[in-house]
Amino acid sequence: MINALKGMKDIEGKQAFYYTKIIKICEEVAQNYGFSFINTPHLELSKLFKRSVGESSDIVGKEMYEFIDKGGNEVCLRPEGTASAVRSYIEHKMDKSGSVKRWFYHGSMFRYERPQKGRLREFHQFGVESFGTASVYEDASLILMLIEIFRRLKIKFSLVINSLGCPLCLPSYKKDLVEFLERQEGFCEDCLRRKILNPIRILDCKNTHCQNLLQNAPLLGQKLCPSCQRDFTLLQTCLRENGVEFTLDDRLVRGLDYYSKSAFEFISDEIGAKAAIAGGGRYDRLIEYLGGKSGYGVGFALGIERLIVILEQKEEAQEREGIYLCALDETYVSNLLQISTKLRKNRKVFLSYEAKKLAKHLSNADSINAEIFLCMGENEAKNESLFYKNLNTKEEKQILISTLEQYL
Ligand code: HAM
């Protein structure tokens with residue numbers, strides 16, 4: 001038997017139903033906010049993520065699926081979508097004029113993590129990236145967009161926000177933090193690595209011993225420059241004006257190194273331990289880091305599998321849809337094929353090719369959640385009619401094929 005790899009899963013059945021529902025809602029909301037679709041390759045040069053997500057991150061440090069391709073290039077399966085969108089923005093020279101671009105994307109991301117509920121090695125994100133807009137109203141809009149997505153999906157969340165500063169205020173904060181860290185002993189190996197590569201990532205360590213050591217660490221919130229302070233205050237005002245509840249968390253640094261200014265996470269406690277269902281923020285410096293002309297970028301991504309876990313737990317009754325078309329005798333099937341071809345121009349039709357007893361067909365129709373049941377038996381074939389049953393209302397009748405449309 002050949003099974004799927006650990007941490008990689010087929011999405012089918014009910015999960016597939018939720019998957020497509022999530023994508024549909026996300027796409028609709030993103031389009032309402034002026035975003036358009038972009039698709040970037042699954043495979044990119046490894047250095048794209050090393051330079052952007054950063055060497056201090058777990059993603060680059062431990063989790064990338066990397067290999068040398070036949071041309072000798074060091075490549076990897078994308079662990080996230082932001083770096084690829086920035087690469088594309090620069091590659092198509094949009095950075096030169098600072099073009100405003102608003103993209104959304106969805107697809108597989110790959111991280112070699114320890115699999116558990118809601119944490120996979122191949123998982124799917126829906127994300128958006130907005131380029132060319134410095135205004136903090138854009139940051140607020142992205143948060144409101146996520147809230148609209150979760151409202152439509154009926155998913156509860158708590159929102160946490162922070163400001164990660166900018167090149168004006170971050171370096172002096174980092175200096176203070178490193179001085180503080182030098183005075184402490186006993187950090188885990190990951191933190192020792194982060195201390196050299198990007199000390200603020202230590203704030204985010206999940207190890208309780210490290211968290212204890214950090215209790216009196218200096219906090220960036222007290223060191224923000226006037227511009228970061230102003231934007232962060234305005235972001236909070238916008239959220240309050242729109243009735244959004246949130247908490248401030250000085251320790252929210254996100255697991256990727258490219259952020260500056262706004263950072264946010266949406267947390268759910270419906271996946272076992274508290275888990276992030278979406279995260280994002282501003283990454284103005286990233287375009288320059290990746291060789292482009294300095295500009296502005298802000299975005300988010302949500303984890304589709306994590307939302308599926310929540311929706312599955314809610315077990316909402318799936319709405320019935322579509323038509324189940326069947327026959328009691330196989331000789332009628334070619335006639336039904338013609339009927340279904342017409343109906344399929346604008347309706348979902350499941351056509352059964354096999355003759356079965358009425359009760360068996362009805363139970364099949366029920367199991368695929370069809371709304372309308374149509375069956376041809378001997379009498380119906382003679383009268384050019386069909387037996388009709390609405391599986392929601394249970395109404396039953398004989399209808400002429402020529403008048404079918406008015407009953408669907
Ligand atoms: P991230 O926080 O690494 O951000 O991932 C975003 C979301 O993807 C998480 O909140 C989580 O729901 C989901 N996720 C992450 N890892 C896994 C996993 N192993 N299994 C299942 N779901 C997972 C980013 O990726 C950034 N690119 C977001 C962004 C866009 N920032 C700016 N623009």
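Including glycine, each Cβ sits where the backbone N, Cα and C put it.
Just so you know, TrEMBL annotations never went through curation; they're auto-generated.
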Per TrEMBL, member of Arg111, Arg114, Arg240 binding L-histidine alongside Glu80, Gly81, Thr82, Gln125, Glu129, Arg254, Tyr258, Tyr259: Arg111
Check the DSSP secondary structure of Gln125 (L-histidine binding site), expressed as helix, strand or coil. strand
When the number of other CB atoms within 10 A of each residue's CB is tallied over all shown chains, which of the binding-site residues Glu80, Thr82 has the maximum? Thr82
Tell me which residues of the chain lie with their Cβ under 8 angstroms from that of Tyr259 (L-histidine binding site), as long as they are six or more apart in sequence? Leu164, Val253, Gly281, Arg282, Tyr283
Measuring Cα to Cα across Glu80, Gly81, Thr82, Arg111, Gln125, Glu129, Arg254, Tyr258, Tyr259, which the record gives as the L-histidine binders, how far apart are the two most distant ones in Å? 20
Under 6 Å from ligand 1 by Cβ, which binding-site residues from Glu80, Thr82, Gln125, Tyr259? Glu80, Thr82, Gln125
